[in-house]
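Copied from TrEMBL, the annotated features are:
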- 28-54: transmembrane segment (TRANSMEM)
- 44-293: domain 'G-protein coupled receptors family 1 profile' (DOMAIN)
- 63-89: transmembrane segment (TRANSMEM)
- 95-121: transmembrane segment (TRANSMEM)
- 142-165: transmembrane segment (TRANSMEM)
- 203-228: transmembrane segment (TRANSMEM)
- 240-263: transmembrane segment (TRANSMEM)
- 278-295: transmembrane segment (TRANSMEM)
Amino acid sequence: MQDLLWKNHSSISEFILLGFSRNSQTNIILFNIFLFLYLSTLVGNGLIVTLIYLDSRLHTPMYFFLSVLSMLDMSYVTTTVPQMLVHLICQKKTISYVGCVAQMCIFLVLGITEGWLFSIMAYDRYVAICYPLRYKVIMSPWLCVALVAFCGLWGVSCSLVYTVFTMRLPYCGPNEINHFFCEVPAVLKLACADTSLNDRVDFILGFILLLVPLSFILASYVRIFAAILRIRSAQGRLKAFSTCASHITVVTMFCGPAMFMYMNPGANASPERDKKLALFYNVISAFLNPIIYSLRNKDVKRAFFKATGLGKTPE
């Protein structure tokens, strides 16, 4: 595989990541904003993982999947943001060819895994609401681990396809990537060869990796809402719906921009728009996830107050 990626008649040994702006003052402002977002993402998601580990009442399938999501988010932003921060304050904005391949592959592994994890989380909510008495039997620890492992293996295999199809092309120059990291659509624009096959592969994989899990999520929530409407008490309906609202919000923030990015033909892509979309599903969604889940979740807040001893534990 290394021969396929690095001996592809390419004359480029490194790429230049143009980022967001060439203005130094603008870059300083962006540096402070993204540093705040990055550190907040690590603290917020790290806190959720820690609370779930420490509080035995959170040792349930739903919170197991939430802890996996938080770890994926921390890894996801760490793949791109630290390098972006360095490039915002340094004159040299290069990344080696090998580094670009590695970043692209790792980013795809984490992103694809997270996309399919959302469908698993929707299934978990479906079982919890539609089959509450059998929930613990159906969602056994073994099944939960197996589902997460499936997501990871699917992410690895599909990311290899994306990466090999992208980096097999010759790159003769220029070597300036109009993006803040090595993402497939941005790198393909530099290929000195026909990329129509790549566009078709990207569309097909985008369909499999985004629309298929979204279909699972939609099917789960159709059944969930039908079950919620059969609940007689308004309080019961509100409680059932509140357990799903956070997940729906997070899925929309992540999958919407990603689907627009990876299922759009390369010829129609706008570099500035793609950077904003990537920023949203890579950085902003990871930053907002712990806020969304903690603000709407009494169990997480209760675990936080219990662990820190701050304030009164919410009932």
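Backbone N, Cα and C define each Cβ position, glycine as well.
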Taking the domain 'G-protein coupled receptors family 1 profile' (44-293) alone, what is its mean pLDDT? 86
By a Cβ-Cβ criterion of under 8 Å, what residues six or more beyond either terminus of the transmembrane segment (203-228) are in contact with it? 112, 115-116, 118-119, 122-123, 125-126, 129-130, 158, 161-162, 237, 240-241, 244, 248, 251, 255, 258-259, 262-263, 265
Same-chain residues at least 6 beyond the ends of the transmembrane segment (278-295) whose Cβ lies under 8 Å from its Cβ atoms: 34, 37-38, 40-41, 44-45, 47-48, 66, 69-70, 73-74, 76-77, 80-81, 107, 111, 179-181, 183, 246, 249-250, 253-258, 261, 301, 304
So if I exclude everything within five residues of the ends of the transmembrane segment (95-121), which remaining residues of that chain have a CB under 8 angstroms from its CBs? That is, six or more out. 5-6, 10, 12-15, 17, 62, 65-66, 68-69, 72-73, 75-76, 79-80, 83, 147-148, 150-152, 154-156, 158-160, 162-163, 166-167, 177, 181-184, 187, 209-210, 213-214, 216-217, 220, 247, 250-251, 254-255, 258, 281-282
Positions whose Cβ lies under 8 angstroms from the transmembrane segment (240-263), at least six residues beyond its ends: 62, 69, 111, 114-115, 118, 121-122, 125, 128-129, 183-185, 202-203, 205-207, 209-211, 213-214, 217, 221, 224, 227-228, 231, 269, 274, 277-278, 280-281, 284-285, 288-289, 292-293, 296-297
